[in-house]
């Protein structure tokens with residue numbers, strides 16, 4: 001079958017394209033510009049068109065579109081004119097999951113890292129899964145791993161309900177919180193989407209849930225299949241934390257042994273338990289699975305150390321939700337030695353999220369000694385009157401939980417200079433956000 005992907009250079013689309021190609025499909029794609037992704041796909045033998053044209057879909061059997069592609073795109077319109085079947089990226093992912101034993105990783109936070117950890121652990125245990133990850137693995141620099149067995153591990157995106165296209169055999173749900181206010185009206189709306197996803201699991205399947213999250217645990221009530229729970233307080237798999245990357249694993253209430261991870265943070269302890277739970281479902285020892293993550297190298301933009309200069313450690317993280325910022329700054333604090341400070345730089349992502357969650361953002365920076373808030377990165381949303389970074393600055397000032405140095409720097413060109421001035425040797429400077437804030441760390445490294 002000849003399959004054409006419109007917007008093939010995106011992270012999600014490129015991983016689907018690579019897996020389809022490796023499965024033997026005739027794959028082509030188009031995008032507006034060259035990128036590292038398009039270059040890598042070319043090396044796999046995929047024909048890439050730069051720019052969109054009706055001619056690009058000539059002779060195609062199936063067209064796959066990303067969420068970034070409008071219905072008015074000329075290739076989409078031409079496919080419609082020729083009665084070529086058009087499906088979203090999520091439906092193409094469903095095709096891949098359906099081709100084997102699909103394991104979907106869902107949740108408001110932690111999907112990318114948990115997908116990566118699950119894949120890493122299963123490979124160490126002798127499995128050979130195919131994996132489609134939402135970020136680049138630090139070890140390989142790729143967002144896809146192609147395996148030779150029928151196991152497929154993939155992220156399930158709830159942001160636009162696209163996870164409802166998937167019918168995996170097993171699923172992980174890491175947590176459930178309100179997010180994506182551009183698409184959801186309330187937490188109940190979000191929970192109902194996850195509940196629909198869970199109801200779609202087969203009776204012979206399996207569901208892995210974080211028992212520390214009450215919203216997540218509610219999904220056990222609607223699950224048609226067996227369930228494994230994990231957490232700190234309770235669960236079939238439970239962790240007693242020793243340090244930021246070490247814990248003792250308990251299984252069914254019995255102590256199993258110590259675990260050491262290659263990454264830090266309580267949230268990563270939970271992510272590792274989820275990976276171990278999937279391995280356990282597949283018949284492996286969860287303690288062996290968890291300890292296989294001792295050499296897990298992490299994921300790009302997930303507490304990624306960009307470098308050191310002027311005695312400062314520069315870190316970048318994708319965190320763009322209050323809960324994610326809390327967890328990430330806790331890791332920064334735990335891995336910064338005295339007398340070093342944590343200097344956080346946050347670029348709010350989307351006007352809708354800033355408007356709905358600015359008070360929660362105000363309570364998220366307690367582990368930082370100095371905070372820089374930038375202007376909002378709209379990500380395609382039009383500006384909203386009165387919705388800007390100053391909302392979060394004021395919320396932090398009013399929270400009463402912290403008394404740090406607090407700066408509002410709406411001009412992105414000024415941020416590296418401000419960071420050089422307010423930071424000092426031994427400090428950790430960490431950029432946070434889902435926009436283009438990561439470049440600030442690179443500019444600061446050059447400036448120092």
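Every residue gets a Cβ built from N, Cα and C, even glycine.
Annotated in TrEMBL:
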- 107, 108, 109, 110, 111, 112, 113: ATP binding site (BINDING)
- 2-98: domain 'Mur ligase N-terminal catalytic' (DOMAIN)
- 105-279: domain 'Mur ligase central' (DOMAIN)
- 301-435: domain 'Mur ligase C-terminal' (DOMAIN)
Determine which residues of the same chain, besides 107, 108, 109, 110, 111, 112, 113, have their CB within 8 A of the center of the CB atoms at the recorded ATP site, and list them by sequence.
105, 114, 174, 175, 271
Non-local Cβ contacts of residue 108 (ATP binding site) (under 8 Å, 6 or more apart, same chain)?
158, 174, 175, 176, 177, 179, 190, 321, 323
Structural state census, the domain 'Mur ligase C-terminal' (301-435) (DSSP three-state):
47 helix, 32 strand, 56 coil
List every residue in the same chain as residue 107 (ATP binding site), at least 6 positions away in sequence, whose Cβ is under 8 Å from its Cβ.
114, 158, 172, 173, 174, 175, 176, 210, 216
So which one is it: of the binding-site residues 112, 113, which has the fewest other Cβ atoms within 10 Å?
112
Under 8 Å by Cβ from residue 111 (ATP binding site), counting only residues of that chain that are 6 or more apart:
105, 134, 155, 156, 157, 174
Other CB atoms within 10 A, centred on residue 110 (ATP binding site):
24
Give the helix, strand or coil assignment DSSP yields for residue 109 (ATP binding site).
coil
Residues near residue 109 (ATP binding site) in space but at least six apart in sequence (CB under 8 A):
174, 175, 177, 267, 321, 323, 324, 327
